[in-house]
Amino acid sequence: QRSVEFDQTDMEMKDYPAGEYFVQRNILDELGLDEVAQKGTWSTKPTPGERVKESLRCSASRVKHTALSWVPVLGWLPQYSFRENAIGDLISGCSVGIMHLPQGMAYALLASLRPVFGLYTSLYPVLVYFLFGTSRHISIGTFAVISIMIGSVTERLGPDSDFIGNGTNGTESVNFDERDAYRVQIACSLTLLAGIFQLLLGVVRFGFVVTYLSEPLVRGYTTGSACHVCVSQLKYLFGITPARFTGPLSLIYTLVDICRLLPGTKVPELVVSLVALSVLIVVKEINACYRQKLPMPIPIELIVVIAATIITHFGGLTSKYSIDVVGEIPSGLKAPRVPDATLFSNVIGDAFAVAIVGYAINISLGKTFALKHGYKVDSNQELVALGLSNTVGSFFQCYAVTSSLSRSLVQESTGGKTQVAGVISSVIVLITILKIGALFEDLPKAVLSTIVFVNLKGMFKQFLDVPMLWKTNKVDLLVWLVTFTSTILLNLDLGLAVSVGFSMLTVIFRTQLGPSQGNGVSLRLTETSTNDPNKGQVNRAYQHDTTMSDSDSDAGCHTYDSISHVSHHSDKGKGRACGSGTHSIILDISATSFVDTVTVKTLKNVCVCQGPCVDVINLIITCVVEQLETAGFFSESIPKSRLFVTVHDAVLHILHKLGQTDFILVDCKGKLICEGCCYEQADHDVHPYVCLSI
């Protein structure tokens, strides 16, 4: 409370040393407080009837607002600046389109589908997201984790044993055409159901569901998924055919069977794999080392695909050494058809898991780029956009999509400013499907598997989370390890369920066993005004929506989406923040029982991103301070001198720093005697502060 109160009988102002303050008032009981505060009984909430009436009201402005919120492209495309964005979007779109080709074909193998379906998946959903998405930089399409989740279902419901028939010489053989056609039906049905789940969650504004996937959980899950992806591709590298296992411990059984079959390795396929793997690793490291100097990354994946196809075709490697190749890639587009709804009952659990994991990856990546570039990503609209991408794509024989980190980084780093880059990448994929797709029929599958391996590097680097979490937050480390272990041992579907359950238990236990009965952490800025320069102002460049909490990113564990950020990469954003009426922010964390690694990152963003425009943080509970120290929160830029015992201490510190003293004189009954401000500088403007209650 910004006041210093005096009894009416004691009006003498006393001088106190800097850094001290004095409060004198009568003891207040509840009745006295109600009288002093002039407590009223009113409500600003509309009645149910008023809410229904408001929802049924129709006007031109309301229709326009609804259209722009559901179809965001109608808002930004008419204002598209060709001079500022066209060149960057063109270069970015071409770069991403070149990446879509090898990754689409490679990740289709993870889904146990023919490579052409990976190209379809890189085409239709991207166009749908262009219309309905709110992120400007993410690249929608195939992704390793989602592909392996789809593949586990297609192989479980469409195993080779169901398609064994008599061969021409009386031996039994697998009818690959029938098997692959049925697996496509399974993938499309699962994708349609996952899209419906995402659409329903988005329509009912249920985007906060991703808050139950904390950052350690998502990173542990994707790391475990990367191990599944790695093991599934070993058969192509060594040219062997291991048995297929299902259920818990299937990954272990598969790995044991692969080791048993290693003496039968096809040396030519192993040589092709090692050569391709070496070239990919070396050139990708060059791209990483010289990314500041290169106008765009060297498209080594496409170069390797083209070179391997040419060498295999003209060298006759298929006939001489029986190297397994991609095979027929039909040219042209197929007519849409309705997925088989009779399969829904068999894939409903897997579809929900795909929907949640895909959305978690998508929203975390989208909000990361939004924070960097200073714009807003609507969490619920992203659910709708991803749901429509999957729903529409399923009618065109696509499987489930999400954003890819590698492609998104290329799209952003090569100058992409809008999703027009996605449309340009789709044009490149379309040309490939229509005209040149058949040229890749002699591409060795081993080469595609090496592309998958190389792109897993980022996920395997997440093992470095273990020593970091050991030093900073052992509960988050436990969540990471349990998630990783359950994903490895119980497979992707059961592993996700166990991980979410365990993560929620840690929140419950930490809340109940903490020093206070807190409800976790939820940061929320109080917006005072966006127009009046004399009042507090919130930077709306990155603000949570009214119903929200990814990967990237929560009470206790979920603060990522619950706070408004100011981009520290945007000078324009800094100018708006520093030029606004708000000069200081106080974070009142007195009711917080614990903080986790995501909370620490969020608080650092608040302190560092705002720079000189934000002054203090107020923390009270000792254990929270200890946790912040353990997590490495305090530094030269965030010293402990910005930590105060009470809100009033923080307010007085701010006023002293600004060279002003705020005072209010009241009598013992709370009646105002006088108020004013004393300034050391007469021309100093009065600025408000914002108190964030956590």
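Using the three backbone atoms N, Cα and C, a Cβ is placed for every residue, glycine included.
TrEMBL entries are annotated by machine, without manual review.
Values in this document were obtained by computation on a predicted structure and should not be read as measured data.
Among the features that TrEMBL reports, transmembrane segment is placed at 107-132 (among others). Non-local neighbours of the transmembrane segment (107-132) in the same chain are 70-73, 100-101, 139-144, 147-148, 150-151, 154-155, 158, 180, 183-184, 187, 229, 232-233, 236, 326-327, 329-330, 334, 381, 384-386, 388-390, 392-393, 396-399, 401, 419-420, 422-423, 425-426, 429-430, 432-433, 437, 440, 443, 445, 448-449, 452; each lies 6+ residues outside the stretch with a CB under 8 Å from one of its CB atoms.
The feature transmembrane segment is assigned by TrEMBL to 186-208 (among others). For the transmembrane segment (186-208), the list of distant contacts is 111, 113, 117, 150, 153-154, 157-158, 339-341, 343-344, 347-348, 350-352, 354-355, 358-359, 363, 379-384, 386-395, 397-400, 545, 547-549, 561: same-chain residues at least six beyond its ends, Cβ to Cβ under 8 Å.
Annotation comment: TrEMBL describes 270-290 (among others) as transmembrane segment.
Through the fold, the transmembrane segment (302-323) approaches residues 98-99, 101-102, 105, 239, 266, 268-269, 272, 276, 279-280, 439-440, 442-444, 446-448, 450-451 of its own chain, all at least 6 residues removed from its boundaries and within a Cβ separation under 8 Å. Residues or ranges marked as transmembrane segment by TrEMBL: 302-323 (among others).
Sequence annotations record features per position, and here TrEMBL assigns transmembrane segment to 343-362 (among others).
What TrEMBL lists as transmembrane segment is 383-402 (among others).
Per TrEMBL, the feature transmembrane segment maps to 422-440 (among others).
TrEMBL lists 484-509 (among others) with the feature transmembrane segment. Outside the transmembrane segment (484-509) by six or more residues, the chain places 148-149, 152, 212-214, 216-217, 220-221, 223-225, 227-228, 247-252, 349-350, 353, 356-357, 475, 478, 520, 555-557 with a CB less than 8 A from a CB of the stretch.
Here TrEMBL flags 585-654 as domain 'STAS'.
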Non-local residues, at least 6 beyond the ends, that sit with Cβ under 8 Å of the transmembrane segment (422-440): 89-90, 92-94, 96-98, 100-101, 104-105, 115-116, 119-120, 122-123, 126-127, 129-130, 139-140, 305, 309, 326, 328-333, 411
Determine which residues of the chain contact the transmembrane segment (270-290) at the Cβ level, with the cut-off under 8 Å and only residues 6 or more beyond its ends counted. 236-239, 297-298, 300-301, 304, 308, 317, 323, 444, 446-447, 449-451, 453-454, 457
